[in-house]
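Novice: Mind looking over this structure? Questions follow.
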Amino acid sequence: MAVETEAGSQEVAKMPVVVEFSGGLEMLFSDQRRHSLSIPVATSEGKPATVAFLIDYLCRNTMKDTRKELFVLDDHLRPGILVLINDADWELEGEEAYEIQSGDNILFVSTLHGG
Amino acid sequence: MEPASGRAEQLRLQIAKAEAELRGLRLQLSQLETGQEHAPRDQSLHNNIPQNPEIESPGKWPLQQQEYERYARQLVLPSVGIAGQLRLKSAAVLVVGAGGLGCPAAAYLAGAGVGVLGLVDGDIVEVSNLHRQTAHSHTKIGMNKVDSLAEYCTDLNPRVHCVRHATPLTPENAGEIVSKYHVVLDCTDHPTSRYLISDACVLLQKPLVSASALRTDGQLIVLNNPPAPQGSKDGGPCYRCVFPQPPPPDGVLSCGEGGILGPVVGVMGVLQALEAIKLVAAGPPAQPEAPAPSLLLFSAAGTSTFRSIRMRGRRPDCFACGTSSSLTLDALKSGMVDYVLFCGIRSPVRVLLPEERITAAAYNNMVAEKPGFAHVLLDVRDREHHAIGSIPGAVNVPFSMFQRTGMGGQDGTRPDWLPESLPPDAPIYVVCRVGNDSQLAARKLQEMRTGSEHRFIGDIQGGMEAWKREVDKSFPFI
């Protein structure tokens, strides 16, 4: 499990979250399915950290792959990826606007088509 | 061919023929024994389902004696019981796709005694199917998958009437085929068919049990359950409610490209049969209340093997089941929805110029003519592919590694895989499976500016597939 921190930002309050990837998305994140992260509780403008913020944070800090377009298209999550917040579809929780709470489990699942 | 191997081949053919004959005899015998002499042998010719066979109860009991014996273990379960068994017997279930999901799904549905089992697939059995598509077998290679699966299911339970639709499901035939069944299982392997099946099920108000699998992961969801009319809030979500937009075509991996573990897709197919049996055996709900839709995730590699996720309900603005949907059966049949266009087509990669590419044969000749020729051959396939077989001297740096930042080589520094002793103008050839990734990797290497500006960086056209074709016929290309 990787604990990743932003260098030189000790003043920013952090919160622990577990981010998981499945359905092949883990390939974009160092082939690691489960990441225990410590993310800022608020954006640089002082707004609460939302799922949209987390997606951007993951692209900047956690993704080691350059194929960002397999995760984000036109500033939004690419079609065919489900976001599950504490085992519920994010559409039940407010989608990108959901404000992340300390200890949340956020799962990104790519849809599969094989059979 | 050597005499011994020729004789072996002859024997294999003879055995296959004898086994096929034996299968036919066994089938005839079991049909005689169960009193179903005219089994659906030639159903592939006409796809009409006969009316559900009336339950011929000769005496005072609703099932025949042999049926009580055959279904005894499930008859005693409260979730089936005699009422559930009778519902199964009068049910028509459609399995679209006779592959890794469809084989186990159809087998368990046949075992459970559904009255009519429809099978749809236009493919034939190939040897690479057999590690997971358990109803097919070595002697059935080249046979229609639908015929092979129907034979398997009839052999398992001759009381089940198998209807063979030896064609892919298309917008033209979807309405007619789906309309004859009560429940549909999506056992296909591509987004185009997944959207098509879902739309047909919405229009014809059929519940849809959908599953998929890739590598070591599987997904299962029961859609359009209950199957209320378009625009009704009482219905369950359809495939489009959950996935309004298809993934970009470059992001879609098939089992052929991504790989699949047999038991993973098997588990998902068995679960589909389970959901379908539950739906049929339970009968119409006393109060038509939509069960909370949920998506089941299976991961053979993760820490939590099974995980159930609460999903959203119907999307009011859904293209198919929404309140203002203009989708109709006629529109579907007339081709109003272009599923191929909707899901997009993967276009061949054309990144390198013709002079930046050489053929496999040309590369082979060049190396043969100049022993010790200073160059690097970079194999960008996955480690697993490389380990199965590679060109002598090739260095393996998987394409995904290429995409990782910080792998070295940026800003003119030397990446780890490039030998220090190599002259700065020594050429680099990139090879992959079929010649797409190699172009992207070569272009990237050019941009990284390793070595001298005169260095040639290009790829082997057509990849290892071309290598097998042009250079080494024995190469184990997969």
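From the backbone N, Cα and C atoms, a Cβ is placed for every residue, glycine too.
Heads up, TrEMBL stuff is auto-annotated, nobody curated it.
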Novice: Starting from the ATP binding annotation in TrEMBL that includes B:GLY100, B:ASP121, B:SER128, B:ASN129, B:LEU130, B:HIS131, B:ARG132, B:ASP189, B:HIS190, which of B:LYS60, B:LYS89, B:LYS145, B:LYS206 is the extra site residue?
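Specialist: Answer, per TrEMBL (ATP site with B:GLY100, B:ASP121, B:SER128, B:ASN129, B:LEU130, B:HIS131, B:ARG132, B:ASP189, B:HIS190), from B:LYS60, B:LYS89, B:LYS145, B:LYS206: B:LYS145.
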Novice: When a 10 Å sphere is centred on the Cβ of B:CYS318 (Zn(2+) binding site), how many other Cβ atoms does it contain?
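Specialist: Its Cβ shell of radius 10 Å holds 22 other Cβ atoms.
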Novice: Between B:CYS432 (active site, cysteine persulfide intermediate) and B:CYS241 (Zn(2+) binding site), find the distance joining the two CA atoms and give it rounded to the nearest Å.
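Specialist: With the alpha carbons as reference points, the distance is 38 Å.
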Novice: Using the Cβ centroid of B:CYS238, B:CYS241, B:CYS318, B:CYS321 as the reference point for the Zn(2+) site, which residues of the same chain not in that list have Cβ within 8 Å?
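Specialist: Residues close to the Zn(2+) site, other than B:CYS238, B:CYS241, B:CYS318, B:CYS321: B:SER198, B:VAL202, B:ASN224, B:GLY235, B:PRO237, B:TYR239, B:ARG240, B:ARG314, B:ARG315, B:PHE319, B:ALA320, B:GLY322.
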Novice: Determine, to the nearest whole angstrom, how far the Cα atom of B:CYS241 (Zn(2+) binding site) is from the Cα atom of B:ASP189 (ATP binding site).
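Specialist: Between the alpha carbons of B:CYS241 (Zn(2+) binding site) and B:ASP189 (ATP binding site) there are 19 Å.
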Novice: Around B:CYS321 (Zn(2+) binding site), which residues of its chain at least 6 apart sit with Cβ under 8 Å of its Cβ?
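Specialist: Correct list: B:VAL202, B:ASN224, B:GLN230, B:GLY231, B:GLY235, B:PRO237, B:CYS238, B:ARG240, B:CYS241, B:ARG314, B:ARG315.
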Novice: Between B:SER128 (ATP binding site) and B:CYS255 (active site, glycyl thioester intermediate), find the distance joining the two CA atoms and give it rounded to the nearest Å.
Specialist: 11
Novice: With a CB cutoff of 8 A to chain A, go through the binding-site residues B:SER128, B:ARG132, B:ASP189, B:CYS318 and name the hits, or write none.
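Specialist: So the ones by chain A are B:ASP189.
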Novice: Just name the most isolated of the recorded positions B:LEU130, B:CYS238, B:CYS432, going by other Cβ atoms within 10 Å of its Cβ.
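Specialist: Taking B:LEU130, B:CYS238, B:CYS432 as the recorded positions, the minimal 10 Å Cβ count falls on B:LEU130.
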